[in-house]
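K.L.:
Quick one: the structure is below, questions incoming.
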Amino acid sequence: MIQTKDITKTVTTSEGSLQILQPISFEVKAGESIAIVGASGSGKSTLLSLLAGLDEVSTGEIYLDEEPLHTMDEEQRARLRGEKVGFIFQSFMLVQSLTAIENVMLPAEIAGLADAKKRAQTILEQVGLSHRAHHYPNQLSGGEQQRVAIARAFIGQPKILFADEPTGNLDAANSVRVEDLLFNLNREVGTTLVLVTHDNELAKKCERQLQMQAGELTEITAAPAQKDLAYGS
Amino acid sequence: MVANLAWRLFKHEARRGELTIILFAIILSVAAVLSLSLFSERLQGALVERSSQFIAADSQLGSRKPINEAWIAEAETEGLATAEQVSTRSMAFGEQQMSLVDLRAVSAQYPLKGEIQVTDKPFGSPVATDKTPQSGEIWLDSRLFQLLDVKLGDTVYIGDSEFEVARVLSEIPDQGFSVFNTDPMVLIALEDLAKTNITGPGSRVTYKAYFAGEDSLIEQYYDWLRPQLDDELHRWQRVGDDESAIGRSIARAERYFLLASLLAIVLAAVAIAVAAQRYSQRHYDPVAIFKTLGATKQMIRNVYVLQILFITVLGIVIGIIAGVIIQQVVVTALAGQVDVSLDVWHWRPVFIAVLTGSICAVLFSLYPLLRLFSVPPLRVLRRDMGAGLSSRGLQFGASGGAIFLLMWVYSRDLEISAILFGSGVLLVVALLGVTYGLIALGRRLGQGAMGSWQLAWARIRRRAMDNSVQLISFSVTIMLLLVVLVMRNDMIAQWRAQLPQDTPNYFMSNITESQKTVLAEHFEANQVTLDEFYPVVRGRFVAVNDERIKTEVTKEEDGQETEGRQGLGREANLSWSLRLQHENRIVQGQWHDDWQADANDVTEDSRPIYPVSVEEGVAGRLRINLDDLLTFNIGSEIVTTRVTSIREVNWQTMQPNFFFVLHPAAMQNFAATYITSFHLDASRKADITALMQPFAAVTLFDVDARINQVREIIDQVSLAVEFILVLVLIAGSLVLFAQVQASMDERQQELAILRTLGAKGRLIRFSVINEFLIIGTVAGLMAAMANEVSLYLLQSRIFDMQASMHWDYWIIAPLVGAMVVGILGALGCYRLLRLNTGQLLRKMV
């Protein structure tokens with residue numbers, strides 16, 4: 001589902017160019033769940049942004065569902081994201097001026113689906129927020145907002161879901177609830193999950209864990225099928 | 001789908017108050033422009049109507065030959081109202097006496113605008129009449145009853161005809177005003193003129209045709225007529241061509257309205273620019289989210305362009321309603337005092353208002369929107385990422401271009417637009433320099449323990465660019481308000497000075513040397529103060545540098561009575577004085593008070609050459625330069641003079657003024673007559689006959705009615721100007737408020753953090769107030785400077801006024817700026833500080 005070949009990311013700063021990611025190659029199978037763990041500043045969010053096509057690689061190749069992300073322009077990547085990718089963010093990233101249900105409908109509307117509202121109602125029910133459908137984000141608690149975000153991520157039944165510290169802003173009780181919801185839906189829909197976190201407990205819930213350290217990626221627990229692959233360099 | 005999303009966003013944001021400021025700015029711009037221009041159009045309509053009374057029509061064709069009947073017939077076919085007048089000078093005879101008169105023969109339709117004024121007895125109180133003399137009737141000026149020794153019902157003879165004295169004529173609308181040489185007027189019916197046989201070959205006759213009707217019809221008619229006119233014979237005059245004091249005052253007031261409306265547009269534009277920037281910044285996150293979720297650029301563009309469209313349409317609709325209500329309130333409030341044409345609905349203001357709203361909304365949101373579209377999707381992960389596009393050049397270019405375009409479209413006057421725009425640009429450049437200077441200064445001032453002042457300076461420094469934009473918008477707003485305010489003060493002061501309460505309302509001429517003292521004593525005894533006596537000798541202006549000239553001009557033949565400027569060898573009124581007259585200013589050369597006769601400076605035939613001062617306008621027209629030799633023929637004598645000075649004369653004072661003022665030595669051999677003036681209160685009008693009774697040969701002119709008319713118009717215009725000022729001040733204050741509100745949002749985050757860290761409300765409040773005080777003071781000071789530049793250019797180039805410095809505003813502007821901006825800042829801050837930290841932090845999300 002995801003395949004990377006020697007991807008690197010270099011940024012230009014006032015003190016010259018800085019390589020944030022060393023050449024990274026790995027593969028994620030369809031339906032697999034992987035966690036990328038690492039300390040702050042290790043480069044895990046950068047890797048996520050490249051995998052999700054939010055940013056461009058400096059060198060190397062990325063294939064998302066066999067489509068060459070590295071050759072696409074911003075417009076093509078946006079189309080690909082719309083069709084195949086879902087997102088969950090640490091800071092929820094809900095549109096403040098839209099209600100919960102409207103936020104959930106958003107991806108379906110962008111994709112031009114006719115039954116956006118019906119889908120949104122169903123999935124809001126699944127995350128237990130149908131009674132809050134017409135509330136604005138700032139009228140919801142953090143946990144509720146993240147559940148809305150999860151509902152939004154799954155409404156298009158994406159092939160791949162990227163989650164960036166999904167429980168980073170939540171208390172313990174809400175974290176558990178959100179995690180359960182995330183993994184349950186993931187299983188139901190059969191989505192490939194790429195999760196970035198510094199929470200090892202959360203990472204362990206994934207089938208594989210990859211460690212980011214100073215821009216280099218290493219596998220902590222490799223799934224049997226991936227053993228023969230080389231990680232990093 | 002896109003439309004749905006855009007509509008939903010619009011609906012929710014409107015409900016949640018997110019769009020209030022930008023919507024408010026558009027409403028403000030539309031309402032201000034609409035109410036100002038509706039009001040000024042209506043007022044102008046009324047003023048034009050009034051000033052049309054001075055030419056007795058909307059347009060007038062003057063001619064030295066009889067006007068082609070076919071032309072008048074064509075005008076009538078086109079739907080215009082027409083009337084005719086033929087005027088000439090002739091002798092009128094009573095049974096015993098005779099007098100030279102200014103004869104006017106008018107058609108029954110005369111006048112098309114304004115009224116003929118008559119009185120029941122000579123020098124009585126005038127009342128309007130809608131009649132004209134019947135065939136066989138003559139209406140006589142008050143003076144003629146005395147000069148011809150006649151009374152109502154008597155017979156007066158002109159040429160081969162006789163007339164019955166039917167009425168006392170007080171005034172006709174287009175009689176003009178001249179102190180010199182005015183013969184008393186008589187009015188007869190046009191059809192009676194032929195019978196008198198006085199308009200034969202060689203007589204000097206002026207023919208006039210009057211036209212009234214819709215502007216477009218008149219324009220259309222003039223287009224048809226123009227090719228057939230002969231510049232030597234014909235003169236087309238329309239309302240507004242009036243060079244008199246009233247004409248100029250009205251023209252100036254019109255320019256003021258234009259200026260005020262232009263400034264209202266700029267104010268509104270500034271408000272929209274501020275609001276649009278804020279709107280754009282608030283939507284960075286949604287755009288990043290939309291892009292992340294797969295929205296294409298096109299989709300995002302559509303969503304936001306549609307949003308702007310919804311806001312614009314809503315703003316325009318509400319703005320128009322508000323504008324109509326405002327101007328209706330103003331018109332109703334002023335109905336008693338100001339003449340406004342209530343029944344006319346003008347579409348142009350509506351069109352301009354809609355255009356303004358649209359151009360402002362589109363062009364001022366262009367740059368913020370372009371920035372918005374450039375927000376990368378990566379912002380969802382990297383919250384510090386702003387817009388990809390950043391170009392101050394584009395920003396200033398787009399908004400500057402929009403402002404200039406609006407000004408030009410609206411005013412259709414490149415110069416006035418260029419002046420306002422140029423001083424605006426100057427202000428912006430100066431402000432950018434000053435901001436950075438202040439920031440450098442603040443770096444030193446802001447050091448030390450963290451008090452509210454240090455915090456204020458620190459904030460100003462840190463947000464240098466944002467603050468400079470804010471400073472610019474505050475300064476521009478204050479400057480525009482200053483321009484409108486000071487302009488109005490100067491203009492009204494000059495109007496009032498032009499006609500003070502004791503302005504002479506009577507003139508006397510033909511006073512002989514020997515009568516001077518007696519006359520002065522007689523008036524003194526009757527508690528009437530006479531003005532200065534001006535000596536007058538009539539002379540023919542015959543040559544410049546020994547080259548004979550074709551046309552000679554005197555003041556009274558120019559201006560209002562240009563139709564009289566036909567012949568060669570007409571006489572000029574020459575005066576002499578050692579003292580420069582009031583409201584005269586030497587622009588070239590030197591005044592001749594210390595001139596000494598020079599035995600070497602003589603003509604070929606050894607006659608002395610005397611100094612003469614020439615009025616600037618006539619010098620220009622006749623191409624007279626300093627040091628030229630001018631030759632006058634006075635009686636049978638030749639007087640040669642050298643131009644030693646060129647004078648600027650304020651013709652708007654109700655004072656005798658002269659084109660040529662000679663040194664007294666030049667005139668010592670000529671017998672002069674004198675003219676003078678005096679002021680007599682309206683309550684003493686009845687005394688005039690007794691006052692004048694011992695001086696039968698002295699000619700008296702009553703200009704009281706004319707002065708009152710001028711004063712009335714000026715009062716009305718002043719009142720209207722005041723109202724416009726108030727409207728612009730309100731608009732400006734609202735803009736300032738919007739600016740403070742917008743900048744307060746930007747401070748929200750910082751306040752929340754300071755609050756969270758435990759800073760006391762007092763420290764935060766004072767730091768914000770101090771910040772606004774600093775910004776307000778600097779903005780006020782900069783505005784005062786820029787105000788001076790634009791006023792100088794406006795007054796000297798557009799308003800035909802004497803430009804002056806306004807030092808008091810250099811103190812007032814910074815003080816008021818600091819106060820207003822500080823108070824608004826404090827209010828905004830108070831609102832934020834009322835929220836608790838939790839609410840503040842949540843608002844930041």
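Residue numbering: from 1, along the chain as shown.
Glycine residues also receive a Cβ, built from the backbone N, Cα and C atoms like all the rest.
In case it's useful when we look at the structure, here is the feature table from TrEMBL:
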{"type": "TRANSMEM", "residues": "B:21-40", "note": "transmembrane segment"}
{"type": "DOMAIN", "residues": "B:21-197", "note": "domain 'MacB-like periplasmic core'"}
{"type": "TRANSMEM", "residues": "B:256-276", "note": "transmembrane segment"}
{"type": "DOMAIN", "residues": "B:259-377", "note": "domain 'ABC3 transporter permease C-terminal'"}
{"type": "TRANSMEM", "residues": "B:303-330", "note": "transmembrane segment"}
{"type": "TRANSMEM", "residues": "B:350-373", "note": "transmembrane segment"}
{"type": "TRANSMEM", "residues": "B:393-410", "note": "transmembrane segment"}
{"type": "TRANSMEM", "residues": "B:416-441", "note": "transmembrane segment"}
{"type": "TRANSMEM", "residues": "B:469-487", "note": "transmembrane segment"}
{"type": "TRANSMEM", "residues": "B:719-742", "note": "transmembrane segment"}
{"type": "DOMAIN", "residues": "B:723-836", "note": "domain 'ABC3 transporter permease C-terminal'"}
{"type": "TRANSMEM", "residues": "B:763-786", "note": "transmembrane segment"}
{"type": "TRANSMEM", "residues": "B:809-833", "note": "transmembrane segment"}
K.L.:
For the transmembrane segment (B:256-276), I need the partner stretch with the highest count of C-beta pairs below 8 angstroms, choosing only from B:21-40, B:393-410, B:416-441, B:469-487, B:809-833.
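P.N.:
Highest pair count goes to B:21-40.
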K.L.:
Among the recorded stretches B:303-330, B:350-373, B:393-410, B:809-833, which has the greatest number of Cβ pairs closer than 8 Å to the transmembrane segment (B:469-487)?
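P.N.:
It is B:809-833, which has the most Cβ pairs under 8 Å.
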K.L.:
Report, as numbers and ranges, every residue of the chain located at least six residues beyond the transmembrane segment (B:416-441) whose Cβ falls under 8 Å of a Cβ in that stretch; write 'none' if there are none.
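P.N.:
Tertiary neighbours of the transmembrane segment (B:416-441) are 255, 258-259, 262-263, 266, 396, 400, 403-404, 407-408, 460-461, 464, 467-468, 471-472, 475-476, 479, 774, 778, 782-783, 785-786, 789-790, 793-794, 797-798.
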K.L.:
Going along the chain, which residues at least six beyond the ends of the transmembrane segment (B:350-373) come within the CB cut-off of under 8 Å?
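P.N.:
For the transmembrane segment (B:350-373), the list is 22, 25-26, 29-31, 33-34, 37-38, 265, 268-269, 272-273, 276-277, 279-281, 283-284, 287, 297, 300-301, 304-305, 308, 311-312, 315-316, 319-320, 323, 387, 389-390, 394-395, 398-399, 401-402, 405-406, 409-410.
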K.L.:
Using a Cβ-Cβ cut-off of under 8 Å, list the residues of the same chain that are 6+ residues beyond the ends of the transmembrane segment (B:303-330) and lie near it.
P.N.:
2-3, 5-7, 9-10, 14, 19, 22-23, 25-36, 38-39, 42, 283, 287, 290, 295, 350, 353-354, 357-358, 361-362, 365, 369, 372-373, 723, 727
K.L.:
Across the domain 'ABC3 transporter permease C-terminal' (B:259-377), what does the mean pLDDT come to, as a whole number?
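P.N.:
Here the predicted model's pLDDT, averaged over the domain 'ABC3 transporter permease C-terminal' (B:259-377), is 81.
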